[in-house]
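S.K.: Below you'll find the structure I mean.
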């Protein structure tokens, strides 16, 4: 009987791994399509006759919309489920890129950027879905692999986009290609085995030691529409998913949620989740995220110009160095799992050490006397930042709870969007002083993040210990 149960669990684990691998493909194709367009946007706006000021305002539209929509869409995915929200995000993004392909005026260009700015949160929802599928100990490994797959797409996309641009109407061809990639992604998401139920840890009762070992090692989480669910109970259409979880009831199916739950109730659930995260004691993590996001953006903000002014490096060679660093950043995603195991899943310590290393590398870059020292710092900088991003996301999910993973990841993206607004302004001001001004300010901000972590991490450990004693 126990052998039969374990065999069933192994079969269901294969289904879970299949879903995870498909999500990797979705992440790869997502950034592959987007990165085909990003390098061409500024050229296209100027070709439409926009002045530099208008081009700057148009370019900031996407970031501003992302700033306000990230948390809302992430929270909405917690309420209605991952499948419905992910499909909506991908399809509306495809519409935006399709409109971009017919944008022959500034007005059409801005209209095309609105749905993308509001709903291009497919990667955040994918991360939330992955956090639903895996255990806490597996999460850094899976997130690292997902980030690596996405980064590879971001590296390859500009190559294809640049090739298509060389032909007549290249921008429009690239836009329609990107829209087609998103439609393929939507089809892949639709075909995922959402009804595949992978045994919930809490629902499985392994009575003897052998079955308990099987359960501890191999039981996954149940997945129904990307949320923890079970099919054995009826669902009231007036209950929100959060209320059902609080009552110990299963989540709703995708069709039931999307058709039966009124819009006002969805809005109320989204608002309550955002308020819960906003009123939580997670300000320190979000502040660390903001400080490090701005510091890293300052490192890259004037990289090409600084290399030319400091070392007389040609733009072509700078491009090779940036590509080298990006490739290492993508490969670093595969190091997250082994490094996390080396730290025995002590994510606060890993975050502290990666932040300290990032701070040191920014300082070495700012003070670099030769190109070779810049190459060396770029090598380790790509690795440390990749590990740091995964760490802080995992800590946010640990402290906030997986049941609000969409809200937490969306809130983190909103904080990063604030950094995208602040970094260009700070970079411009500090460049007035010196080409090394932006990375020097980045060192100061990274040091502030290190100091904050040194003060707050003992309090995190104290809370964890108190929680363990209480349990």
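Along the chain as shown, the residues are counted starting at 1.
Backbone N, Cα and C atoms are what each Cβ position is placed from, and that goes for glycine too.
Per TrEMBL, the features are:
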- 19-463: domain 'Major facilitator superfamily (MFS) profile' (DOMAIN)
- 21-41: transmembrane segment (TRANSMEM)
- 53-74: transmembrane segment (TRANSMEM)
- 86-112: transmembrane segment (TRANSMEM)
- 146-165: transmembrane segment (TRANSMEM)
- 171-192: transmembrane segment (TRANSMEM)
- 222-247: region 'Disordered' (REGION)
- 222-239: compositional bias 'Polar residues' (COMPBIAS)
- 282-300: transmembrane segment (TRANSMEM)
- 320-337: transmembrane segment (TRANSMEM)
S.K.: Checking distant contacts: for the transmembrane segment (282-300), what same-chain residues at least six beyond its ends satisfy Cβ-Cβ under 8 A?
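M.R.: Sequence-remote neighbours of the transmembrane segment (282-300) are 351, 355, 358-359, 362, 365, 381, 385, 388, 392, 395-396, 399-400, 411-412, 415-416, 418-420, 422-423, 426-427, 430, 438-439, 441-443, 445-446, 448-449, 452-453, 456.
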S.K.: Go through 21-41, 86-112, 146-165, 171-192, 320-337 and flag the stretch with the largest number of C-beta pairs under 8 Å relative to the transmembrane segment (53-74).
M.R.: 86-112
S.K.: Would you call the transmembrane segment (21-41) and the transmembrane segment (146-165) in contact, using three or more Cβ pairs under 8 Å, pairs 6 or more apart in sequence?
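M.R.: Between the transmembrane segment (146-165) and the transmembrane segment (21-41), which are separate recorded stretches, there is contact, as judged by 3 or more close Cβ pairs.
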S.K.: Most CB pairs under 8 Å with the transmembrane segment (171-192): which of 86-112, 146-165, 320-337?
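M.R.: Comparing 86-112, 146-165, 320-337: 86-112 has the most Cβ pairs near the transmembrane segment (171-192).
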